[in-house]
């Protein structure tokens, strides 16, 4: 009877799903209540895309466009983008006004600089969009085989595909649209899919078509094929799909198991047939391609405020001048005669009419706005964009951040945040795969209450060092360092214990439990074996490194998983009775997948004896409560071992199983099928509810312990970042004991730190939590508040010495701490500690903590992670850094900057961050300095001429100042300048605090640069005016006019701003010499060439240099005297600052030049908490 029923059951589950639960059958009554309603209204006419019903649906075509512009929209849309910037819009208004009689200069000279800047930016946008267009053309013109009718398949371009088309996709081809899988080259319609382009995961996914479409394996089979698919509307969820297929009058449920997404690739399968259900913009990959969160750096936001301040100043000066002009114009008419007779207006002009002084003042206000526009640096935005792009290239090309082993360089995915890298105050880091390698090694296990495995972990080594002892590796007598440094012979397996290796487990007291333990490891997984055709060796494609480590461990200990079909798993193992190796076949009935909410996975299998087994593995927090009363025999010993493993920094899982009777399984099958057939958005919740009822009453087998080793250089990197004054938070899903010990191993925690631990894991609290009553929840919250308050009291009692404290909090406590009424006090405590570790954190909690730190502390936050569960945290932080590690590329694709190893963060921040912050800060300050120096000389000259709105300079002098004579040096400053070299940045991390405290872009520093510009303009104007106004300019006795005074002042301005650039630059390259001195040379060449043009073109600059300025000694003497006088205040200020108020970089520069840096003891940098890091020159300290 058992045999008959077993056969019946085998036939029934012949095509059950591997990655989902048991396949649904048409014999069950499905719930189609949602189909046809909002969100579930799509109807696909399979193999009938030309039918009137299909065409009436008006589904979009399959052309995918990633460009920002089209040919028709490029000009208006790009112009709109440019003139959204207030500065550009202001210059546009000024350009329009320059065509009116109000303009103090010609319209062409006003339009040319704006046109140059706008065209340069549009050119950059156009080139970038053209590259995207070329990529679009390449993708849309790819070809795929499409059913044309009568069983014939022809090649067609992707862009021509329509909903309902039947496609044949062959091995290693990408899917051109979202398809429902019908059949494949395998008899059971299985295919393997690589989804790296979607979620970054490199492991293969297994998909399978419905049983009813298995026979469609030949092209001719589609000649008469017709079906209807009703499914959900287009959406961005990659991991869900709800629909039904109506075929021959029967309805069959569709799930993600049948969905093949555009952008994924067919692997290890000769071909598949599928029907198009979503095209072009409706495909899930395009639905997911939304713009990432817009992030702007702190400096960029502050720069906008400076622009508004400059506008206020421009309007104030224009208003001030207009009022005075109106008063002087009104008072100009005395006794019927105009005092300034030469300004007498004609009948058509009121600009200087004393009888209409108010109107003249209003017109003058508009004229003054145009004249004062030179205070605003027109090329600021485009120059910064150019600089940031080139800075990003330098980051990408840094050989010191290139990970040769994986061939992965650093990649700045956006250039908007370069300077933000130099201002990070808090780093929030994931642990697994970020601080650690995410390359798991099976190192210990507990079976039947007995601990196995004699290896020594990195955490144990760190504990030894803290205790000052020398632990010896028990397995071979080597020292701890040797044990950790030794590479395992088999990747993923670092287990040493002769009691169960080499088949010795059969002699152990609990050999039967050991056998079940490793059988579970060999069977309970979703791993795909791959056989090398040349060597015959088996490798494993696993969804996670843990899974691979378990399968490898089972193989190395005698239980080799070697073959998987859709419905079976084959294992070679040692028979406990005969002692011989045998092959055992397990029929896979169901796979209950792992999820972060369940924290476990199970498989239901049938062994060769006909037994139904549920094999389960999961976190201890959920597994122990699911044990039956009779299955807790080894619970106490296993709990103790799990705690010991956690103390050693190991990741643990509990293994358990149970036998199912046939009736129970039949009930489960019926209920799970009903849940699967529920075509609604909450289908997954219904499935979880059913699986919850069968994953219970388990029998404990033991626990696994795998080690995730720290990446190279992590402790040194963290120590260096801490010396730079950066606080580091670790947000991990690990147990508290594991997280604490990893913290010690990576130098996040130190022996002299006092740990403030907040948790809700005590037995009393757990008992209270189980009651679930409102009073109990309130008590839990009150307990967390009490622990936080107590921690703050400890911190206060220590005098606020953050260096002495570390905060460790578990996930349950964190949930309460992040509530609105408690997060403020929690943040105060956390900020007061040097290090923070959040354990058992969910992805949502990681994002919420990041948001709390970013908004609550006011500091720049950087989040770093490597997995999909870190995406929210990366997007929430000011800067998201993705680690291109083992868990795929999803974190990288959501990040702002990608690096291959955590240790590269040290160079990214302390070198590139520091340099970029200094460069951008100095660049912006210098921009405003040079424009104020130039613009204020115009204002002073206008005031000198009774606000007559006459510019001191020729029109083209005005136009070319910002975009030609002074732009290249400041761009080179932003690209090449270094206050100290990279080795010194790393040697003296205190330099980084200049960015964290924003010393170089504070309002004090900005206003001081502006004041310096005003002073320079005043000195230039008055010295030039005084030197030239009351004496003959040359030997012919000619006095200086506007052309000579303007030319002389302009020369002085060019020299002064160029020399100021020389004094601002800390690190000269040949390029900088060329552009700085070349700017001065080009000014003189321009004077000669432009002045030599016909007078109708050169106007008042005609021959001014060759005939007036160059032959006159007074011009050269005045220029020399004025330039030196203008630079003298800056020399004096710099000398005083260097001598009495040196900044950190100045001190390092001084020591470098004095050759004192050869001795590392000259500087002492200690790890700091919340206080500012201090730089101590030991050589300058008096000896005691």
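Even glycines carry a Cβ here, placed using N, Cα and C.
Features reported for this protein in Swiss-Prot:
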ACT_SITE  430  active site, 4-aspartylphosphate intermediate
BINDING   866, 870  Mg(2+) binding site
TOPO_DOM  1-75  topological domain 'Cytoplasmic'
TOPO_DOM  98-101  topological domain 'Extracellular'
TOPO_DOM  125-306  topological domain 'Cytoplasmic'
TOPO_DOM  329-364  topological domain 'Extracellular'
TOPO_DOM  383-921  topological domain 'Cytoplasmic'
TOPO_DOM  942-955  topological domain 'Extracellular'
TOPO_DOM  976-1005  topological domain 'Cytoplasmic'
TOPO_DOM  1029-1041  topological domain 'Extracellular'
TOPO_DOM  1065-1070  topological domain 'Cytoplasmic'
TOPO_DOM  1092-1108  topological domain 'Extracellular'
TOPO_DOM  1134-1184  topological domain 'Cytoplasmic'
TRANSMEM  76-97  transmembrane segment
TRANSMEM  102-124  transmembrane segment
TRANSMEM  307-328  transmembrane segment
TRANSMEM  365-382  transmembrane segment
TRANSMEM  922-941  transmembrane segment
TRANSMEM  956-975  transmembrane segment
TRANSMEM  1006-1028  transmembrane segment
TRANSMEM  1042-1064  transmembrane segment
TRANSMEM  1071-1091  transmembrane segment
TRANSMEM  1109-1133  transmembrane segment
Lowest local Cβ density among 430, 866, 870, which the record lists as recorded positions, within 10 Å: 430
Residues of the parent chain within Cβ reach of the topological domain 'Cytoplasmic' (1065-1070), under 8 Å, 6 or more residues beyond its termini: 972-973, 976-980, 1076, 1145, 1149
Criterion met for the transmembrane segment (307-328) and the transmembrane segment (76-97) (at least three Cβ pairs under 8 Å): yes
The residue listed as 'active site, 4-aspartylphosphate intermediate' and residue 870 (Mg(2+) binding site), distance between Cα atoms, whole Å: 7
Rounded distance in angstrom between the Cα atoms of residue 866 (Mg(2+) binding site) and the residue listed as 'active site, 4-aspartylphosphate intermediate': 8
Two-stretch contact, the transmembrane segment (922-941) and the transmembrane segment (76-97), at least three Cβ pairs under 8 Å: no
Counts by DSSP class (helix H/G/I, strand E/B, coil) across the topological domain 'Cytoplasmic' (976-1005): 18 helix, 0 strand, 12 coil
Helix, strand or coil at residue 870 (Mg(2+) binding site) [DSSP, three-state]: helix
Best-contacting stretch, by C-beta pairs under 8 Å, relative to the transmembrane segment (1109-1133) and drawn from 76-97, 102-124, 365-382, 1042-1064: 1042-1064
Long-range Cβ neighbours of the transmembrane segment (365-382) (under 8 Å; 6 or more residues past either end): 85, 87-88, 90-91, 94, 97-98, 102-105, 110, 113-114, 117, 120-121, 124, 303, 307, 310-311, 313-315, 317-319, 321-322, 924, 927-928, 930-932, 934-936, 938-939, 942, 947, 949, 951, 958, 961-963, 967
Chain residues outside the topological domain 'Cytoplasmic' (976-1005) and at least six past its termini with a C-beta under 8 angstroms from it: 298-299, 302, 400, 422-425, 720-721, 723-726, 859-860, 906-907, 909-911, 913-915, 917-919, 921-922, 924-925, 1065-1067, 1069, 1071-1072, 1143-1145, 1148-1149, 1152, 1157, 1160, 1163, 1165, 1172-1175
Tertiary contacts of the topological domain 'Extracellular' (942-955) (same chain, 6+ residues out, Cβ under 8 Å): 104-106, 108-109, 321-322, 324-325, 328, 340, 343, 364, 367-368, 371, 1021, 1025, 1042-1043, 1045-1046, 1049-1050, 1099-1101
Stretch-averaged pLDDT - the topological domain 'Extracellular' (98-101): 84
Number of helical, extended and coil residues in the topological domain 'Extracellular' (98-101), per DSSP: 0 helix, 0 strand, 4 coil
